[in-house]
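Asks: Handing you a structure now.
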Amino acid sequence: MKENWVDTDLQYIWHPCSQMKDYETLKPIVIERGEGSMLYDVDGNEYIDIISSWWCNLLGHCNPRINEAIKKQLDTLEHVIFANLSHKPAITLAQRLSTLVPQGLAKFHFNDNGSGAVEAALKMAFQYQYQTGHPERQKFMCLSEGYHGETIGALSVGSMDLFAKIYKPMLMETVHTEAPDCYRCPYGQQRDTCQCECFVKAEEDFAKYGHELAAVIVEPLVQGCAGMRMYPPLYLEKLRKLCDAYGVLLIADEIATGFGRTGKMFAFDHTSVSPDIMTVSKALTGGYMPMSITIVTQDIYDAFYADYGEYKAFMHSHTYAGNPLGCAAALAVLDIMEEDRVLDTAAETATYLHEQLNAALGNHPHVGEIRHIGLINAIELVKDRGTKEAFDSKQRTGYQIYKAALDRGLLLRPLGDVLYFNPALTIDKKTLDRAIAKTVEAIGAVIG
Ligand SMILES: *Cc1c(COP(=O)(O)O)cnc(C)c1O
């Protein structure tokens with residue numbers, strides 16, 4: 001049975017973000033069904049989904065209440081053109097989110113995937129500057145090691161060579177400022193106590209390029225794809241000030257951090273400031289439906305508001321923008337988070353998870369640090385704990401551990417040599433215990 005599905009898969013399907021040749025030794029796992037934090041394949045093997053399926057599954061697989069909400073919506077309205085026409089789920093969702101997003105964010109532009117939301121944010125920032133008397137502000141600044149998606153615009157403001165290198169001739173020119181690197185801080189500081197000494201790099205780059213920047217885009221507090229690199233809220237507060245001083249917009253890409261991943265609803269809630277533009281996707285629908293939103297301040301919205309003949313409108317659309325099924329799922333997510341006080345329970349689970357991980361792996365000779373925020377815990381594996389020297393990337397240590405974990409029923413999928421937990425907020429302690437034990441075993445099987 002399994003062989004049939006696997007062979008047919010490999011005959012036809014080109015999987016995302018994969019070297020397909022790797023599938024010769026690690027066959028695709030054909031998943032039959034999901035329940036809570038568990039996935040079951042066609043042969044009845046089970047896997048703990050400790051990465052919540054690319055960070056989007058927020059409240060468990062096949063959550064009965066989200067399932068019900070989508071089914072109900074499905075029998076009412078499945079999709080409708082979102083220009084001129086509207087529908088209750090989108091209207092209700094925007095209204096409810098407006099009370100939850102960082103202060104000042106007021107208008108909701110719907111889209112159907114994360115990269116699309118980033119593209120919209122970049123175009124909005126560019127056009128905003130143009131329409132408010134700053135046509136010279138054409139460039140974007142981003143952080144080194146940043147990730148904002150894989151379409152051409154989003155890739156241009158990303159810094160990870162893994163995704164972007166080959167396409168460089170196709171990309172727009174952007175300014176990359178050095179991101180905080182708290183684990184290997186060049187200033188010898190600690191993440192919890194520093195004054196963001198590293199911010200001097202952003203100041204230098206603003207002094208050079210500030211007058212020609214349209215916007216800066218960041219992944220607030222957690223640089224996900226770079227290996228869950230975490231930095232303090234103070235950095236964002238300093239960046240806000242700097243942006244204001246130079247008339248540069250601040251774009252918060254909360255696609256990975258939104259909806260409780262960092263312990264608060266949004267990563268920016270850890271700060272005393274707000275971005276001008278915020279993108280959300282991934283957990284927005286509980287990981288059910290492709291949907292994203294680019295959320296902006298009234299000020300930005302107003303810069304596009306004019307008589308038709310002035311041609312100031314934002315001409316950006318995706319066919320499935322504002323899909324009602326996605327909105328229904330998102331509304332169910334908000335209901336559940338509120339009714340079940342999910343953030344409160346998740347905070348308690350998060351404390352437990354970090355303590356247990358620390359107890360199990362904190363002293364391991366190849367564990368450099370276990371950084372954490374909310375339920376996200378990232379275990380950085382190194383060759384030498386003292387010098388923080390990394391493993392030779394050719395050894396693919398993380399990948400070997402990934403395979404060893406799969407053999408043990410754990411979906412761990414590391415980022416390079418950084419193993420991480422980013423589970424559903426509703427995961428229980430027992431499942432976490434099992435996941436930790438499997439992680440320890442998998443690490444042991446590969447690097448001792
Ligand atoms: C996943 C992600 C994106 C891209 O979203 P897609 O839906 O995969 O296009 C953009 N930014 C961040 C921070 C992400 O984590």
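Cβ atoms are placed via backbone N, Cα and C, with glycine included.
What TrEMBL says about a protein is an automatic prediction, not a curated fact.
Pulled these features from TrEMBL for this protein:
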BINDING   Trp54, Tyr147, Lys282, Ser317, Arg413  substrate binding site
BINDING   Gly114, Ser115, Asp253, His318, Thr319  pyridoxal 5'-phosphate binding site
MOD_RES   Lys282  N6-(pyridoxal phosphate)lysine
Asks: Using DSSP reduced to three states, classify Thr319 (pyridoxal 5'-phosphate binding site) as helix, strand or coil.
Replies: coil
Asks: Sort Gly114 (pyridoxal 5'-phosphate binding site) into helix, strand or coil using the DSSP assignment.
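Replies: DSSP call for Gly114 (pyridoxal 5'-phosphate binding site): helix.
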Asks: Just checking: which of the binding-site residues Trp54, Gly114, Asp253, Ser317, His318, Arg413 have a C-beta under 6 Å from ligand 1?
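Replies: Cβ under 6 Å from ligand 1: Gly114, Asp253.
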Asks: I need the nearest neighbour of Gly114 (pyridoxal 5'-phosphate binding site) among the binding-site residues Trp54, Tyr147, Lys282, Arg413, using C-alpha distances.
Replies: Lys282
Asks: Measuring Cα to Cα, how far is Trp54 (substrate binding site) from Thr319 (pyridoxal 5'-phosphate binding site) in Å?
Replies: 24
Asks: Among the binding-site residues listed here (Ser115, His318, Thr319), which has the Cα closest to the Cα of Lys282 (substrate binding site)?
Replies: Ser115
Asks: What whole-number Å value do you get for the CA-CA distance of Ser317 (substrate binding site) and Asp253 (pyridoxal 5'-phosphate binding site)?
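Replies: With the alpha carbons as reference points, the distance is 19 Å.
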Asks: What is the interatomic distance between the Cα atoms of Asp253 (pyridoxal 5'-phosphate binding site) and Tyr147 (substrate binding site), given in whole Å?
Replies: 9
Asks: Under 8 Å between C-beta atoms and at least six apart in sequence, can you list the same-chain neighbours of His318 (pyridoxal 5'-phosphate binding site), or say none if there are none?
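Replies: Long-range Cβ contacts: Asn111, Asp112, Asn113, Gly116.
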Asks: Based on the record's binding annotation for substrate (Trp54, Tyr147, Lys282, Ser317, Arg413), what whole-number value in Å is the widest Cα to Cα distance?
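Replies: If we measure all Cα pairs in Trp54, Tyr147, Lys282, Ser317, Arg413, the largest is 33 Å.
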Asks: Note down the number of other Cβ atoms within 10 Å of the Cβ of Thr319 (pyridoxal 5'-phosphate binding site), including every protein chain shown.
Replies: 9
